[in-house]
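Okay, so Swiss-Prot annotates it like this:
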- ASP11: active site (ACT_SITE)
- ASP130: active site (ACT_SITE)
Amino acid sequence: MLAKRIIPCLDVKDGQVVKGVQFRNHEIIGDIVPLAQRYAQEGADELVFYDITASSDGRVVDKSWVSRVAEVIDIPFCVAGGIKSVEDAGQILTFGADKISINSPALADPTLITRLADRYGVQCIVVGIDTWYDEESDSYQVYQFTGDEKRTKATTWQTEDWIKEVQLRGAGEIVLNMMNQDGVRNGYDLRQLKQMRTICHVPLIASGGAGTSEHFLEAFRDADVDGALAASVFHKQIINIGELKKYLSEQGVEIRVC
């Protein structure tokens, strides 16, 4: 069995790490490189960086900090933000990223997933999916341009259908960003994760809602996700990664303990 992964998420805006609640009202957390170093030293398995306004601004992620991060950490990291072409992805990988993640650009042009997978291999192509639970219809819907609350909009895709589609097109991993839970720290949406796990045959990463060590355990044990991504609990030092991994290991979760 592959070890489960703990993945700090760093949302980047104007060259700094920020964090919002339900993708709104972002506050500045700190500088990119020192935070990346801290998480690597604490025992993170991987880091994810989202340049959250790149797609909505019509630009590609700023590559200058990508190379700086690559110089100071020795764990894999994934970068997302406005990657619309094979060439965009190639530059970010050349600057030192191990994976690239696409979200809104994949919704605009689903063939991009296949072109990236064909060129660089499925192992480094991640598709991020921003999913919103609508109580009225009791359904999960995919949103795009979520980095800018003024431009955020619903798509015509139901989350389940989009998960199936991106796998057919060559996604090597899926990060499910559960918008309702984002930043509120009351637990991952286990119902949604369990439902999507049944149709997701590539690694599935849970994102949105972690507030306690028990929440990570529930995601791994009850929904069988491959990794758990979190931001605010790590940024605000509510949870220490090393202590979290020790707890998970004691609970029987297969995980790399530092």
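Glycine is no exception: its Cβ is also placed from the backbone N, Cα and C atoms.
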10 Å Cβ neighbour count around ASP130 (active site)?
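The answer is 26 other Cβ atoms.
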Please state whether DSSP places ASP130 (active site) in a helix, a strand or coil.
strand
What is the interatomic distance between the Cα atoms of ASP11 (active site) and ASP130 (active site), given in whole Å?
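Taking the Cα atoms only, ASP11 (active site) lies 14 Å from ASP130 (active site).
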Tally every other Cβ atom lying within 10 Å of the Cβ atom of ASP11 (active site).
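Excluding its own Cβ, the number within 10 Å is 23.
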